[in-house]
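*Asks:* Relevant sequence annotations retrieved from TrEMBL are reproduced here:
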type: ACT_SITE; residues: Asp185; note: active site, charge relay system
type: ACT_SITE; residues: His224; note: active site, charge relay system
type: ACT_SITE; residues: Ser397; note: active site, charge relay system
type: COMPBIAS; residues: 624-634; note: compositional bias 'Low complexity'
type: DOMAIN; residues: 473-611; note: domain 'P/Homo B'
type: REGION; residues: 199-226; note: region 'Disordered'
type: REGION; residues: 612-634; note: region 'Disordered'
type: SIGNAL; residues: 1-15; note: signal peptide
Amino acid sequence: MFWHLARIFVLFVLAIEHDSICTADGACPEPSHTIMRLRERNDKKAHLIAKQHGLEIKGKPFLDGTYYFVIHSQKERSKRQKREIISRLQEHPDILLIEEQRPRYFKFLIDYFLKKINFVYYSQLQEDMRINSIQRDVPVLPFPDPLYKEQWYLNNGAQGGFDMNVQAAWLLGYAGRNVSVSILDDGIQRDHPDLAANYDPLASTDINGHDDDPTPQDDGDNKHGTRCAGEVASIAGNVYCGVGVAFHAKIGGVRMLDGPVSDSVEAASLSLNRHHIDIYSASWGPEDDGRTFDGPGPLTREAFYHGVRVGRDGKGSIFVWASGNGGSRQDSCSADGYTTSVYTLSVSSATIDNRSPWYLEECPSTIATTYSSANMNQPAITVDVPHGCTRSHTGTSASAPIAAGIIALALEANPNLTWRDMQHIVLRTANPVPLLNNPGWSVNGVGRRINNKFGYGLMDAGALVKLALIWKTVPEQHICTYDYKLEKPNPRPITGSFQMNFSLEVGGCESGTPVLYLEHVQVLATFRFGKRGDLKLTLFSPRGTSSVLLPPRPQDFNSNGIHKWPFLSVQTWGEDPRGTWTLMVESVSTNRNIGGTFHDWSLLLYGTAEPAQPNDPRHPSNPSPSSITPTETLTNFGDLRSAPDCHSECIGCTESRSAVSCFSCRHFTQSLRNRAGFKCVARCDEGYFLEGNKCRACSPNCKTCIKAEQCETCPGAQLLIDVNHYGHLDHGQCIDACPPELEPDYTIAVQARCILRRNKCSIGYYEAANSICTPCDDACRTCHGPGPLQCDSCATNFSNRSVGYCRPCCRVGEDPMLYHCG
C-alpha cells in the first residue's frame, strides 16, 4: 500500500478501528497545525478572526472555507492557553469546525533503488528543436532525445514486442494538449529543462511551505515528484533526457509530502484548483507493512466527493492512484482506503518480461496496469532534480504517472469525458494478452478477463483514444444498498480454521433508482478475530464472478478486526446484479484457540439503469409486479376501441406509440407534472417514487426520494440529513451545510450525508461545543444534546414506543395519555 515510503497521516476513518497513532508507551505526536472552517468562505472575516485571537493564517483556503492557522508564539504559550484559544474559537458563531491536525507517519520518500545509477546530464538545451516539437501536429518518430530509445515501454520493448501502444495515439495527433496534470508528491523542479515549457503554475502549490512555489528542497531526498512529472510531460524532440507520455500536457505539482502530512494537507492537495486541473496523480498511501488498515480521513473524503461532483466544471476530477508496493510483505491494496475508493482509478505494474513485480500487491479494486521497472536491467527513464535525467525510477509509483499521461491523451481526444466515462473506457480498452502467462486470470459475467494483480490488463493508449473519440456520456450513476440480517447467534462466533457463507438476494432496486448494469461493488464488513491476517474474504456475484476482497496477510497480528471497512471490487463491471450474492469468510489459522466474532456485512451496488453505451447488449428483463394482467390480443375496451401499435407500456391506447395515451398500464402509472393526465412507465422516472403501482412526484428539493418529503439523493453538492430517529425531524432533507450537531460523511459516493457527530464521551454524556463532556437528560442513555428531545437512545425504564421522545415506561394499569408514560 505504501509504494514509495512516503510520510502520511490519516485522521479517524469512520469505517475502521484503525491502529493508534500513539506509541505503546502512550506518546502521541504533537499537532502540526490547526484548521478552521467558516460556515462559508470569507477570507476577510477569517483574517479578522485570526487577528482577534492572536492567530496567523497560513497558505490558501481549501474546501470552500477551511483555513490553516498557527497560534502566535506557540513556544511561549502553555498547552492550557492554547486549549483556551481553541475553546473560544469553538464558540464563535461564524466557525463551523476547529480541529488540531496530527501527523501519523514520518516515513521519508525514497525509491526502491537507493542510489543513483547512470545519471545523464546535459548542459545545453536545444530551444529550436523544442519549439518545433510543440508546433508539430503529428510527431516524426523516433524522437532525437538521447534516452528515448531506452524507454522500452514506449518502443515495443517488452517481451513479445509489447508496449502500451502510446505511439499509436501520438500518430493520431494526440499528445495531451490543453490537459492539466498535477503530481501530488514532494514537489517538482519547475525550471527543469525538460519540464519548464510545460510547467503549469495553476496546477501547482506548496502546502508544506504555504506558498505557490512547488520546488522541492535540495537535500537529495525530494526527487520523486519531479521524476513522476517527467514521466507525464517531458518535452519531446528537445534532445534532452527522454519523452513524456503526454509531452504537450501542462504539468504541475503540489509539494505536500515534504513535511507532516495530515488529513487537511491531503484534502487541500486533492481540491486544489479543481476547475482547472484535469488529472491528479498520487503515488502514496498507508504504510506497506502487511498489517495496516487505513484510508482517507473526513476532509479528504470530502475533497474526493466534491472533486467528482463539481471538478472540471461538473465532469469530475480524475484521481489516478498507484495500487501499492507491499507485495514482498504479502500486503493487499484492499487494506488501503485510497485505492478502494470509488473515486480513484487504481493502477498496477508489470515488468519488461510481462510478469508481476516482486513488490506488487493484489486486490479487486485495481482497474488496469502499466509497465514499470522491477530490477536494474529494466530502466524507467525520466527527469531528475535539479536538471538531470535518471534510469532508476520504479515501483507502482512510476505506474500512476504513466497512466495519468495516457489518460491525458484520451482527454485531449474528448474533453467531455466524465470521471466515470474514463473508468469505463480504461477497463474496456485494457489489453490482457501480454499478461496472460501469469496465474490468477478468470473471466467475469460479461466475458472480460480479470486478475487481482493486473485488473483488466495493460493500458492501451491507441485503443483508449479511439474509443474516447466516439464515447457517449454514461447514464446517471445509481446506488443500491442491501444489508445482511445475521440470524442468532448475533454476532456469530468464529474459531480456529473455518469457512462460512452469507448470502443476500438482490433485486436491483428496480422500483427506486435501479442498478441493472454494474460499475463498482462495495462490501462493508465488521468482524473481530484474534489474528486479523488469518481471515480471507471472497465475494461471489450472481453471474459466478469471484473477487478475493481480502487475502490472508501473515504480518497482520491485529486482534481488533475491522468495522464496516469498504472493500471494493471492479471485477463485476457490466454484470446484471440481480440474483444471489455470497460473501465467503474463511480462516487459514492453524491455532484452534484463536477466535472472534462476525457481526455484519452490507452490499453497495453502483451502476446504471441502462447500458453504458447505446449499442451495448441489454440484460434480460425481469418482470415487474403489476396489478394488471396484460392481454396481447385485446383491442376492445367496452365502448372504446384501441388504436394499433400501442406503446409497449400500454394496455390499449388512443394513439399509437404514445405512453401518455394508454387506457391502462402494464407496469406503473406516473402522473405528469403539468397535471395533464398520466403516462405508463416500466419504472419510475428520476424525481418520482413508487407507491403501490403509482409513481408519485418527489419534493422539488429532492433529486430522488423514498417518500414525497424524504429525499434519497440531493441536487448538486447538497448533503442529505441521515439521522432516522425521533430526535431529528429533518431526516431525509437536503441541505447546503450540516447543522452543528451533525457532521458530513462522504463514504458513499452517490450522496454525501449529514450524520450524528461521533460521541467521544461515555454513555450518558455528549460532547458540547467546547469539547467538554456534558450529562444527557435523565431520560437518555445516549444523546446529542441536553434535552429529552435530543436522546439517541432511551435510558433504563424509559421508552419511545408511543411518542417521538423518551418518557418513563408505564407501570401496570397506567394510561399512557394520562400519565405521559410509554
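Just so it is clear, glycine is given a Cβ too, placed from its N, Cα and C backbone atoms.
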*Asks:* Tally the residues of the domain 'P/Homo B' (473-611) by DSSP class, grouping H, G and I as helix, E and B as strand, and everything else as coil.
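*Replies:* So the counts come to 3 helix, 73 strand, 63 coil.
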*Asks:* Express the distance between the Cα positions of Ser397 (active site, charge relay system) and His224 (active site, charge relay system) as a whole number of Å.
*Replies:* 9
*Asks:* Whole-number Å only: compute the distance from the Cα of His224 (active site, charge relay system) to the Cα of Asp185 (active site, charge relay system).
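*Replies:* The separation of the Cα atoms works out to 7 Å.
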*Asks:* Please state whether DSSP places His224 (active site, charge relay system) in a helix, a strand or coil.
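*Replies:* Reduced to three states, the DSSP call for His224 (active site, charge relay system) is helix.
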